[in-house]
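Annotated features, as they stand in TrEMBL:
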DOMAIN    B:80-270  domain 'ABC transmembrane type-1'
TRANSMEM  B:12-33  transmembrane segment
TRANSMEM  B:54-77  transmembrane segment
TRANSMEM  B:83-106  transmembrane segment
TRANSMEM  B:118-139  transmembrane segment
TRANSMEM  B:145-167  transmembrane segment
TRANSMEM  B:204-229  transmembrane segment
TRANSMEM  B:249-270  transmembrane segment
Ligand SMILES: Nc1ncnc2c1ncn2[C@@H]1O[C@H](COP(=O)(O)OP(=O)(O)O)[C@@H](O)[C@H]1O
Ligand SMILES: [Mg+2]
């Protein structure tokens, strides 16, 4: 990650007049190193495609600058940006076969015929579309079109590969296989790629770093591990991770040298003052109300914990998801054994302070993760 | 294929036959008249059995019209050539101007683009006769009256809006991303227009061109006013068959048959191409 492959600074996107139209991307700043794979993760309509299209040059940048490999490109036409892209809607050329579609992408490079053929063959093998190379886009399935479109992007050499939901149409098994191969392909060639997805499994599996977006705003840009362990705010905390993080509002109180986090329904999580590190304790005690978050994996059942009542129990084949009525809301916990619990059964849960994420009640910004300040 | 009962199919067949007979009858009748003399045509009651004669066609092709009052010179073949020349050239000019314009209107929305496009369409609303008088005066001043160039120019009023609006629709139906995919691969705007947009809109351009050709071919009033005998197309030339000694139905019929033949041939030829083009409908996906 030496040189910068992409630098986006202060980019805004308005559809329609500036400051009055649809504000699709808000003050986006991010930097991607050469050879990195970055995932843009977010729900539908959060501005992922808009961001990609601005980088490619199909949408004007309303404000801010974009540089690819150190060159400012946001005012250049797409031809001169040297990026490759796989489109959300595939956008294959209907009058050409799959093979021609892919070979066409290499036309500008003016390679000898044999080299083009070899490249097409190797990409087709990678994406398992060898048997449909001679077919026309209108006669193949959505998943096949998607792979052809992905192939057309990967076959090119470019400073940046932009992949807009490149595997959304594929069946799960194939998707899992291709993820591994594509990652290997990109890493082996030292390509830089930005992958748009709303599937966090895909983002986790492929990306070195994930940019979480919501409402046109970049929420957090970090490695998959850090996103899980140190979510910057309540949004990333609840968005990343499956099943989602449990969150509750809590009043912070002290009694007899203990800190208690009072939850609705008269419940309270009670901790020894020394269970928290000093800085975290200071932060907690300086506030009246906070939002606490606990990952489902971190919730333990124990005899002396806080009472809850089972409301659903699902065995997924390798883990059990238990939902329980708790503190006026619902608490999800995950266990790795097959747990048999009847609906309505009382259980007691305890939460280790090391696994507690604390967020500011008003802004949603993270205050602490376990023993460390955010 | 949906399932239909035998009765349904018979009824449908009968209905279709009736419609076809109704619409084809005048053309068939004209075709038959073109092989008859005026006497057999005007016989009452009309008869389906007659002795065919090629006299009408011979008269048209040689340009000598025999009437009761003597021999008349007519310029039918000249008119036919004028029609072909005027229509083909007008459509060609319209395509040259209209297709890039249609692409611009489809792809680049700018302030007022909608208004300009509509203004161009509104040329078709103007009653020809209203436009003609001032136009004639201008043309006489400019020396364009009774020239091919002047006529082709005026024919743009007929062809250009048609081509512009039809082709624009076809361009709009091509997803912009297909073009973007090409442009991002290192191709210029113009190469994209030529290599992607034009071929994909091909069937639409052909359809629009054909339609414009038919409209141009059938135009009567512009040529009537703005052109003298040697520049007139068949539509105007047909007036020559109304002679002092009566209307030459046989020759008129033969003239009609000859003058619809090129459009018919073109339509039949283009039809194959148009149907082929329709299978590209997947573009719209
Ligand atoms: N061409 C457009 N005109 C107007 N609004 C648009 C256009 N494209 C996208 N938007 C809006 O911008 C927002 C972000 O869209 P998009 O970038 O496509 O989201 P995503 O790819 O994350 O689903 C959405 O609210 C969408 O409705
Ligand atoms: Mg999108």
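Just so you know, glycine gets a Cβ as well, placed from its N, Cα and C.
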Establish whether the number of Cβ pairs under 8 Å between the transmembrane segment (B:204-229) and the transmembrane segment (B:12-33) reaches at least three, counting only pairs separated by 6 or more residues. no
Under an 8 Å Cβ to Cβ limit, what residues of the same chain, 6 or more beyond the ends of the transmembrane segment (B:145-167), are close to it? 85-87, 89-91, 93-95, 97-99, 101-103, 105, 117, 120-121, 123-124, 126, 131, 135-136, 139, 201, 204-205, 207-209, 211-212, 215-216, 219, 222-223, 226-228, 231
State the residues, same chain only, that lie 6 or more residues beyond the ends of the transmembrane segment (B:83-106) and have a CB under 8 A from a CB inside it; answer 'none' if no residue qualifies. 113, 116-117, 120, 148, 151-152, 155-156, 158-160, 162-165, 167-168, 171-172, 193, 197-198, 201, 205, 208-209, 212-213, 216-217, 223, 233-235, 259, 262
